[in-house]
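Worksheet for the structure shown next.
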Amino acid sequence: MEVGIFVNFQKERSSEILENIVSIFNQNGVNWLLVNEENKKTKNFDLLITIGGDGTLLNVVEKASKEATPVLAINCGRLGYLTEEVGDDIEKAIFNLLKKEYFIEERHIVEAKVKEKVFFALNDVCIVRNTFNIVDLCLYIDGVFAQEYRSDGIIVATATGSTAYSLSAGGPIVEPQLGVILVTPICPHSLSSRSLVLGSARTIKVENSSSENVQVVVDGRFVDELAPEEFVECKISQHNLKLIRLKQRNFYEILREKIKE
């Protein structure tokens with residue numbers, strides 16, 4: 001078995017958890033490698049482990065989904081929507097992993113095409129202003145003009161991303177198993193501008209109809225700029241993210257705890 005481990009060393013206890021995992025792997029003949037930005041595109045693994053928070057998991061979304069590699073995301077901080085809470089039972093968790101005593105939870109992701117480059121987002125693709133000026137963005141659904149937004153930007157989110165930036169911008173909460181696309185304007189200059197919830201077969205195009213450039217941000221990471229009349233095209237990907245679950249998790253219990261924070 002080949003295991004890749006991606007660690008956010010800024011998180012409390014991340015080094016301690018890594019040491020425990022590596023010790024168990026070494027004792028059981030498991031090949032492992034620390035994954036970083038330099039080697040994650042060239043190395044293939046049977047499974048991936050992330051140690052950190054939900055944000056740490058986002059670093060391996062593209063690799064894991066394209067290669068159908070299951071991911072065990074171990075939480076080191078506050079309660080996460082996506083990560084596993086193992087607490088002090090890290091040894092038990094890893095032995096259950098080795099014995100394959102787990103199940104797979106699949107999450108839909110968005111595939112975004114920007115100038116012939118393709119990016120993958122577990123949470124969202126954001127088209128946002130580059131300056132303090134508001135921007136004009138045109139939304140097309142399956143090639144049909146739907147609406148023009150004067151706003152600070154637009155969030156194109158998955159069901160998983162409905163509890164992230166989209167929620168802060170006033171978007172709805174959607175059960176993560178649903179293969180829908182959410183379109184949420186950011187601070188729109190119109191009381192009639194509302195979020196849209198679209199089916200999984202829809203293709204969305206967001207065109208920059210402003211006189212200045214806008215930024216494209218994928219899962220919190222800047223990837224490119226759109227000049228006037230350039231666009232980003234988004235759809236639900238044929239690839240899913242496979243999350244390893246060691247125990248049953250109730251979405252609404254997690255949601256209740258997160259909202260209380």
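In case you wondered, yes, glycine gets a Cβ from its N, Cα and C as well.
Following the DSSP three-state reduction, the secondary structure of Leu167 (NAD(+) binding site) is helix. Shown in sequence order, Ile173 are the residues of the chain, 6+ apart in sequence, with a C-beta less than 8 angstroms from the C-beta of Leu167 (NAD(+) binding site). Taken from Swiss-Prot, the feature NAD(+) binding site applies to Asp54, Gly55, Asn123, Asp124, Arg150, Asp152, Thr163, Ala164, Tyr165, Ser166, Leu167, Ser168.
The active site, proton acceptor annotation in Swiss-Prot covers Asp54 and rests on sequence analysis. In the three-state DSSP classification, Asp54 (NAD(+) binding site) falls within a helix.
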Where the record names Asp54, Gly55, Asn123, Asp124, Arg150, Asp152, Thr163, Ala164, Tyr165, Ser166, Leu167, Ser168 as binding NAD(+), the maximum Cα to Cα distance in Å: 31
Residue among the binding-site residues Asn123, Thr163 whose Cβ has the most other Cβ atoms within 10 Å: Asn123
Cβ neighbour count within 10 Å of Tyr165 (NAD(+) binding site): 21
For Asp54 (NAD(+) binding site), the number of other Cβ atoms found within 10 Å of its own Cβ: 21
Secondary structure of Arg150 (NAD(+) binding site) (DSSP, helix/strand/coil): strand
